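What follows is a set of notes on a single structure, which appears directly below.
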């Protein structure tokens with residue numbers, strides 16, 4: 001595969017790289033997933049929030065008297081802290097808190113970590129908007145991936161220098177790390193459709209299908225001719241588009257295969273690194289070093305991993321440039337003004353992308369489902385960890401083991417779901433629905449704890465700590481499927497040539513929903529004083545996207561995406577003009593994309 005094939009498809013715009021996808025390029029794609037997924041699982045999902053809370057705790061005082069340090073240094077302070085803790089426990093739940101002063105405002109150490117991640121998600125959403133559309137143009141895709149990878153990994157390594165006295169710096173580094181992580185994943189995802197489109201397997205299938213069982217697209221409105229095929233959208237006369245089931249199946253299967261393999265590699269590396277991190281914590285704690293130094297060392301190690309594997313991924317991936325940016329944006333301008341122009345261009349592009357997405361019925365249905373689905377996944381993860389730490393009284397090591405169990409199951413899930421799909425001839429959206437139905441077992445099992453005779457047993461319904469581990473296996477299996485199938489499924493529904501912009505919309509939808517579910521769960525916990533009632537909300541939240549995912553038709557979505565790409569006229573420099581959709585008679589055709597297919 002290194003040498004590619006002899007026949008190259010025609011470029012869709014000037015300077016497009018239509019060279020066949022090589023094994024080297026695929027290794028680069030997998031390598032960055034290997035680098036960044038480790039940080040996402042080990043740092044963001046495990047040790048980073050604990051580190052932030054512990055750094056703040058060492059500078060905090062008990063809420064009960066606002067005098068006693070949270071980390072007592074001598075016997076008297078330890079005795080006072082113990083008495084205060086016992087008294088506060090007797091007064092009622094959740095009154096024994098550790099508070100810290102942040103710029104004149106008193107915050108609990110736990111909420112300090114929560115607010116940090118909330119700010120990170122908000123800043124990440126802004127950054128995604130500002131850079132993703134730019135990644136679709138010129139040679140910025142690979143440059144941005146490298147920039148975010150190096151910046152994020154170095155920021156993680158700098159945690160080694162953050163001592164409790166400057167714990168606020170840890171909050172700043174967290175924001176930088178999370179922003180870089182999210183943006184780099186969006187850019188990496190934008191490579192997936194291009195790798196599939198230029199893969200020799202897909203090109204070979206298209207060559208064999210020409211002149212045989214090609215299925216022409218029906219006109220969007222009467223009197224309109226069919227649009228051009230996906231790989232020749234802006235050249236020559238209108239032609240029939242080959243969207244036969246065989247070609248579509250080839251695209252989708254290859255996309256899912258690449259995505260699943262990437263997720264599996266990332267999860268496998270995450271499990272291995274997490275085991276090493278636990279060993280680092282164990283041995284450093286045995287040495288009696290500072291309580292935050294082991295955690296900071298772990299973050300340094302994870303950041304080093306991210307940096308190390310980013311280097312070969314940048315070397316192996318091609319630029320795969322998109323259409324050039326409009327000349328007026330950058331010629332003869334200073335650096336700052338150029339950056340402002342790029343940012344304004346990106347926000348305008350997002351708004352145009354949203355308007356295009358609204359006109360694509362299948363994309364719109366999927367994004368609504370994805371909003372609910374991603375919110376459910378994020379909320380159930382946070383709720384389960386909180387439930388384990390509070391109501392099941394599980395320690396840090398036990399929770400870390402739970403994380404390893406779930407991640408290991410994710411590896412199995414990423415491998416098994418494609419086998420199940422092939423064995424039973426299931427469509428991609430059917431696999432996603434199966435994953436959601438399996439995930440539904442988690443909150444339903446938690447709700448069993450409300451049934452009187454189950455309570456009388458003393459086991460079942462998440463009354464014992466060991467019951468959460470089988471649920472962790474289920475959660476991991478589901479995540480292994482959803483992580484690969486959702487992004488590959490979405491990639492086939494978007495207009496070609498706008499990959500980064502639409503994957504940014506995909507990520508923004510994900511991040512935008514992540515604050516909704518946890519906030520509602522927080523309100524439920526505040527009102528009831530328990531976490532278990534939140535399982536009822538989670539059961540409903542998981543069920544809502546199931547019918548929407550079932551409704552999505554990938555074949556019709558591909559047809560709509562190709563038509564929409566054809567409606568987006570190309571300027572002389574290869575830049576796609578979104579405004580042409582509304583500024584011409586083709587706007588009526590775009591509206592037709594929202595109609596049901598007969």
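Just so you know, the numbers here start at 1 and follow the chain as drawn.
From the backbone N, Cα and C atoms, a Cβ is placed for every residue, glycine too.
So that you can see what the record holds, here are the features copied from Swiss-Prot:
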REGION    1-20  region 'Disordered'
TRANSMEM  28-48  transmembrane segment
CARBOHYD  74  N-linked glycosylation site
CARBOHYD  80  N-linked glycosylation site
TRANSMEM  111-131  transmembrane segment
TRANSMEM  159-179  transmembrane segment
TRANSMEM  182-202  transmembrane segment
REGION    209-237  region 'Disordered'
COMPBIAS  228-237  compositional bias 'Basic and acidic residues'
TRANSMEM  263-283  transmembrane segment
TRANSMEM  297-317  transmembrane segment
TRANSMEM  363-383  transmembrane segment
TRANSMEM  400-420  transmembrane segment
TRANSMEM  431-451  transmembrane segment
TRANSMEM  465-485  transmembrane segment
TRANSMEM  489-509  transmembrane segment
TRANSMEM  534-554  transmembrane segment
REGION    573-598  region 'Disordered'
COMPBIAS  585-598  compositional bias 'Basic and acidic residues'
Result, the transmembrane segment (431-451) in contact with the transmembrane segment (28-48) (3+ CB pairs under 8 Å): no
Interface present between the transmembrane segment (111-131) and the transmembrane segment (465-485) (three or more C-beta pairs under 8 A): no
Contact between the transmembrane segment (363-383) and the transmembrane segment (489-509) (3 or more Cβ pairs under 8 Å, separation 6+): yes
When counting Cβ pairs under 8 Å to the transmembrane segment (400-420), the leader among 111-131, 263-283, 297-317, 431-451, 489-509: 263-283
Positions whose Cβ lies under 8 angstroms from the transmembrane segment (159-179), at least six residues beyond its ends: 39, 43-44, 48, 51-52, 55-56, 58-59, 100, 102-103, 112, 116-117, 119-121, 123-124, 127, 151-152, 292, 296-297, 299-300, 303
Cβ pairs under 8 Å between the transmembrane segment (263-283) and the transmembrane segment (111-131), at least three: no
Cβ-Cβ under 8 Å with the transmembrane segment (111-131): same-chain residues at least 6 beyond its ends: 49, 52-53, 56, 100, 102, 144, 171, 174-175, 177-179, 182-183, 186-187, 342-343, 346-347, 350, 504, 507-508, 511-512, 514-515
Remote residues contacting the transmembrane segment (297-317) - C-beta distance under 8 A, at least 6 residues beyond either end: 24-25, 27-29, 31-32, 34-36, 38-39, 42-43, 47-48, 51, 142, 145-146, 149-150, 152-160, 177, 191, 273, 276-277, 280-281, 284
